[in-house]
Amino acid sequence: MDGGNQSEGSEFLLLGMSESPEQQRILFWMFLSMYLVTVVGNVLIILAISSDSCLHTPMYFFLANLSFTDLFFVTNTIPKMLVNLQSQNKAISYAGCLTQLYFLVSLVALDNLILAVMAYDRYVAICCPLHYTTAMSPKLCILLLSLCWVLSVLYGLIHTLLMTRVTFCGSRKIHYIFCEMYVLLRMACSNIQTNHTVLIATGCFIFLIPFGFVIISYVLIIRAILRIPSLSKKYKAFSTCASHLGAVSLFYGTLCMVYLKPLHTYSVKDSVATVMYAVVTPMMNPFIYSLRNKDMHGALGRLLDKHFKRLT
């Protein structure tokens, strides 16, 4: 695969975080455990919300969709990663790499947009509680979610189509855990100025605007909470936002660790930061949203109790 221009029929080699057999075995069991925890946690969240009428509210509607997105996200990357860790053949086809890239980019954008919509939901619940039912009607919730899907699908499509115009020369060894946009652009031997410009422009629209919206929402929420005279009511109001605030902090924090740096400085060390947003964040979200949530505790308890009774 060395030398010369590479055609679309060529393959990439996903070498991962380490080429040491001993370390690869450790990484295999670590990622397998994390994947299983992520799948079980997010499936339980989805089942609990769908089966319990008490959780048929806008907040839990978006949470179920966030769990679905996280489930889809890890399934797009981790199984292939596990196969590579156990196999001598670490190749991924050109088409397979672009497919993985498309879903990766789309689902990260979708996660981001859903978190922004959830921030709006929390803003309405805290700042306009009397109008919550009408402001967050089922029709509006479906419309907002549909908009999130359309924007994220278009975002992924734009960058994947632009990537098909990129030419790769020389070695196609990727010292990374999956086909990631920044890594692929660094391997390019053609002009990637268009890709870079579109990446910045669309990134500002898809990520910075929703992030700014989240910040503004929480500034208004905090102002509203501080005006509440009762300390117990302040705590109750803040506790309704704490889980979402934790998820937002984890998502944007890990994303900034990877992407807030110039393209030419991207290195193998960024694999560790990538694991944080690609594996750890989807795994932690079910715990964040259910840890101190009495409604979720009750729904999960009823769900598990019902299934255990069927088995006995």
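For all residues, glycine too, the Cβ spot is worked out from N, Cα and C.
Per Swiss-Prot, these features apply:
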type	residues	note
DISULFID	Cys97-Cys189	disulfide bond
CARBOHYD	Asn5	N-linked glycosylation site
CARBOHYD	Asn195	N-linked glycosylation site
TOPO_DOM	1-25	topological domain 'Extracellular'
TOPO_DOM	50-57	topological domain 'Cytoplasmic'
TOPO_DOM	80-100	topological domain 'Extracellular'
TOPO_DOM	121-139	topological domain 'Cytoplasmic'
TOPO_DOM	159-196	topological domain 'Extracellular'
TOPO_DOM	220-236	topological domain 'Cytoplasmic'
TOPO_DOM	260-271	topological domain 'Extracellular'
TOPO_DOM	292-312	topological domain 'Cytoplasmic'
TRANSMEM	26-49	transmembrane segment
TRANSMEM	58-79	transmembrane segment
TRANSMEM	101-120	transmembrane segment
TRANSMEM	140-158	transmembrane segment
TRANSMEM	197-219	transmembrane segment
TRANSMEM	237-259	transmembrane segment
TRANSMEM	272-291	transmembrane segment
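Residues of the topological domain 'Extracellular' (159-196) grouped by DSSP class, helix first, strand second and coil last, total 16 helix, 5 strand, 17 coil. Here the Cβ of Cys189 (disulfide bond) has 12 other Cβ atoms within 10 Å, regardless of which shown protein chain they belong to. Sequence-distant residue pairs (6 or more apart) of the transmembrane segment (197-219) and the transmembrane segment (101-120) include at least 3 whose Cβ atoms are under 8 Å, placing the two stretches in contact.
Taking H, G and I as helix, E and B as strand and the rest as coil, DSSP gives the topological domain 'Cytoplasmic' (220-236) the counts 13 helix, 0 strand, 4 coil. Residues 16-18, 55-56, 60-61, 63-64, 67-68, 70-71, 74-75, 78-79, 81-82, 85-86, 279-280, 282-283, 285-287, 289-290, 296, 299-300, 303 of the same chain lie 6+ residues outside the transmembrane segment (26-49) yet bring a C-beta within less than 8 angstroms of a C-beta in it. Stretch with the largest number of CB pairs closer than 8 A to the transmembrane segment (101-120), among 58-79, 140-158, 237-259: 140-158.
Within the chain carrying the transmembrane segment (58-79), a Cβ under 8 angstroms from the stretch's Cβ atoms is held by residues 31, 34-35, 38-39, 42-43, 45-46, 49-50, 100, 103-104, 107-108, 110-111, 114-115, 117-118, 121-122, 125, 136, 141, 145, 177-178, 247, 278-279, 281-283, 285-286, 289, all 6 or more beyond its ends. Broken down with DSSP, the topological domain 'Cytoplasmic' (292-312) shows 18 helix, 0 strand, 3 coil.
DSSP assignment over the topological domain 'Cytoplasmic' (50-57) gives 5 helix, 0 strand, 3 coil.
Among residues of the same chain six or more beyond the topological domain 'Cytoplasmic' (292-312), those with a C-beta under 8 A of the stretch's C-beta atoms are 44-45, 47-49, 51-52, 54-55, 239, 242-243.
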